[in-house]
Amino acid sequence: LPIFTVYQWGQGLCSAASGEYGSCQPNNECVLRGGIPAGPCAGGYGTCCIFMASCGGVVRENGTYFVNPNHPDSTDGTGSCQLTILKMHPDICQVRLDFDHFSLNGPEIVNHICNTDQFLVSGGSPAPTICGSATGEHMYIDAGMGQSNPIILTVITSGPSFPRSWRVRISQIPCGAIAKADQGCLQYHTGVSGRVKSFNFDPVSGRQLSNQDYSICIRTERNFCSIQYTACPGVLPGNRSRTFTLSGNSNSIVQAMVGGGTLGTPNSCTNDWLMVPCAKIADRLPMASTCEDKICGGTFNAEVSSVERTVVSTIRPFRLAFHADSVEAPTDVDNRGFCLDYVQQPCTSNK
């Protein structure tokens, strides 16, 4: 039996009782690097080192958390809170932001603009301005090649009193890493099945954010050739689901609308839409000979209808694109955004 056990410091992932992830470091090293000791690891030979930063901070450690002032309590202050992310080394191509907890004041009720609180990303690839709730969501930011400019995260708070809080984990991803997202993907999901949502989605009280324009990508798993999307179940069984409401007055039943059309064309998507490449109803027999790319309205369906249906797309790589303009009123009222469950479908001889 070996007399000594060799531990690789700085590589092992560990977790604190408070829920944060850290890296296992020698006890004295953690404090010297500006970390927070959060309990033993490596059989007691090391400490789980958590890195946190807030307003005015500069991030140099992988896995650092961007937290609100007064964390873990909420803050009610107004102003600008800015964090600077520097690359650990030139071979970093992307930064992933995981919104472990994120609650800001939501958008105004008329046009759903984030006009009091805002979360902004600058210095990397374009990212939408968001507000409201984003807990459980993530973003991938292209960091450029080599020693490029830093990425700046900014939270702007103003307006009425609100218990604001955020904890965003920052992961730096090397250019050759398997975890690297495809080019142009703000969100990147893996696995045969999962769920995708718009920011600030809530079927009861959420408001679809305006000024959104980004792609959601799903890695094509091996031996899978198509993907099916279904609107998430409603909150109350038997009640009308509001898990896909992009346009129209969602306080009443709004049918699915499809296709781009031209401005003013009935049942088409010209302002807010979700792009599902060559979408068809999954269980229609025989399968439709034509398909649509844009879906909007208040019902999830690849055809104009008031009945929700599962939609299938065979275009690879699997990618959705969400677009919302800057205007809601007076036509669009109380839209929540979207929540879709996806399941990849295995390849068959006729696909």
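Quick reminder: no glycine exception, Cβ is built from N, Cα and C everywhere.
Listed features, source TrEMBL:
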- Cys114-Cys131: disulfide bond (DISULFID)
- 55-173: domain 'CUB' (DOMAIN)
Sparsest Cβ surroundings (other CB atoms within 10 Å) among the disulfide-bonded residues Cys114, Cys131: Cys114
By the DSSP assignment reduced to helix, strand and coil, which category contains Cys114 (disulfide bond)? coil
